[in-house]
Amino acid sequence: MSSTSEETNHQAAAPATTAVAGENPSENPLQAKADELGVRGNEFFKEQNYEQAIALYTEAIETCPNERFYANRSFAHFRTESYGYALSDADSAIGMKNSYTKAYYRRAAALMALGRFKKALADLEFVAKRCPSSKDAQDKYSECKKMVNKIAFEKAISVQHQEKSVAKMCMDLEFASIENDYTGPKLENGKVTLEFMKDLLSWYKNQNKLHKNFAYRILCDMESLLKTQPSLVEITVPDDKKFTVCGDIHGQFYDLLNIFEINGLPSTTNPYLFNGDFVDRGSFSVECIFTLFGFKLLYPNHFFLSRGNHESFNMNQLYGFTGEVVSKYSQNMADMFTLVYNWLPLCHLINKKVLVMHGGLFSKDKVSLDDIRAIDRNCQPPEEGLMCELLWSDPHPLKGRVPSKRGVGVQFGSDVTEEFLKFNNLDYIIRSHEVKAEGYEVDHNGKCITVFSAPNYCDQMKNLGAFITLKGNDLKPKFTTYKEVPHPSIRPMAYASPLSLMA
């Protein structure tokens, strides 16, 4: 690729490969070595081995710093969802060469992944002006501008909705009669039953849609139920009973079915906790969420749901859930989901010893369980503070705290975990939020456990899925892993905004 084409081809099927204009690599051995490292990094990138690509780009930067290597590493970080690192590298590339258009494109991608659409729009405007003949650049700028306007409009509408409840919104709807040819599951006297749930799973497995009347009723009842829940829910597991904790599902409905095949359907004797990120990316998010909501209504004291960072307005707009709901039902229903998600609990405490949250721990010491209980969660996730960190933070292997690789939350070390557990008289924490090759990972001397339940995430990561079972008498975690199962030929991100696919 020539220097000119590199500046204008923003579909970016592969990282940049060219040397710096005006320099002869043979006259600069360090540059030649760095270029060779960069080429090797690109090969690993093409094989989706992003961690090795990042290592090689890093070595290239250390050998002979260049804006191309920073931009390529930004791209690789983006693919691993390390949006904070992607943003930092794009900034570094721009710092080295403020006319490097691709770096602005990379920065815009990271900003949009973080839901910062207005800032992304400024970068895409720069790209569009620099590349007036690039259809991709013009399309992305136009799409981002539409997204900024759409979010502003829908937030204004949501303010009006905040004055209502989902129940009142349902009252305003005109419910159609159930069509004679509808043979799917039906609520009994307006309530979820075990028969309804079994019928629903079978109905969804065969790619059918739940009638909108029943879908709206489930949403209405879920809001009423969740409003009665605290931000920190306490769970008691009897000594000889099993309890199951699952991580991210991300719209992978057929893998959710597989969990129930392996571990049994939820019941009063087989309780579950699903730890956030039920939706987005996978293209069966509607099926996942109504399944989970249905079981919550059926077993309110034996089936638990935590909020993840993807149960939020911006994430749903970008990564597919809103598009899927609108495609299968309506924008009105998508607005209702936003309101219901605001009431999801933020974490769960098992037998007063194991704390479960989606993301992780905090940017300050001495956060108590009472501090968590006091969080007013009926809102969109803020960009800082306790609620934000519960949804976004990650552990890391070093001690202390460092800025988040995601650009939101914090990364916390084993000493932070140890201090938090000691301060609150806890044994360990369980969290989700990160893809793990084996479906789970035990860190911080066994005190911080990650569980991720979406195998072969997005049909490309080749990871196993996992869930945790424990018993009340010792709370010792047992890990069950599994591979992905086949699903209908609807690709992940099929309903996502075009902006989510730009990097």
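From the backbone N, Cα and C atoms, a Cβ is placed for every residue, glycine too.
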With TrEMBL as the source, identify the stretch among 1-30, 391-420 annotated region 'Disordered'. 1-30
In the repeat 'TPR' (34-67), how many residues does DSSP call helix, how many strand, and how many coil? 28 helix, 0 strand, 6 coil
Averaged over the whole of the repeat 'TPR' (34-67), what is the pLDDT? 96
Mind giving me a neighbour count for His310 (active site, proton donor/acceptor)? Other Cβ atoms within 10 Å of its Cβ, every protein chain shown. 28
